[in-house]
Amino acid sequence: LVAVCVSLLGAANIPPQPLNLKQFKNMIQCAGTRTWTSYIGYGCYCGYGGSGTPVDELDRCCYTHDHCYNKAANIPGCNPLIKTYSYTCTKPNITCNDTSDSCARFICDCDRTAAICFASAPYNINNIMISASTSCQ
């Protein structure tokens, strides 16, 4: 029993592997001035899922990012929601560093492009938490 407790204590000191979405959140904050939470529920595509026509330029950024992740998922063994990658942030510049892992590089490029797009697109407060049934046709 003591051996089990000691091994569990040792395992508790191992930091969790960051997931891709955490990296994407950090990239968003590197490229722009808004926090990633500003984009949850924005338009028809920012946040989980999406449908219809994007309502503005920022929503198109989310639409494009969603489709980029769909393309990444077509790479054998590539899961864009959990695959991590290497990048450098020198605010506001982002550089993807993976060269040998095509999945990691593809996802990093998806996230980098979206983060830069978010930073440059106008933010319309009226497009937060809109009704999908009426606005996302």
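Going from the start of the chain as shown, residues are counted 1 onward.
Here the Cβ of each residue, glycine as well, is placed from N, Cα and C on the backbone.
Here C89 is paired by Swiss-Prot through a disulfide bond, and of C5, C30 its partner is C30.
Within D56, D66, the residue that Swiss-Prot lists together with Y45, G47, G49 for binding Ca(2+) is D66. Around C46 (disulfide bond), taking its Cβ as the centre, 24 other Cβ atoms fall within 10 Å, counting all chains. A 10 Å radius around the C-alpha of C117 (disulfide bond) takes in these recorded positions out of Y45, C62, C78, C89, C103, in sequence order: C62. If you draw a 10 Å sphere around the CB of C96 (disulfide bond), it holds 20 other CB atoms from the protein chains shown.
Taking the Cβ of Y45 (Ca(2+) binding site) as reference, residues of its chain lying under 8 Å away and at least six apart in sequence are, in sequence order, P54, D59, R60, C62, Y63, H65, D66. Minimal Cβ crowding within 10 Å, among the binding-site residues G47, G49, is found at G49.
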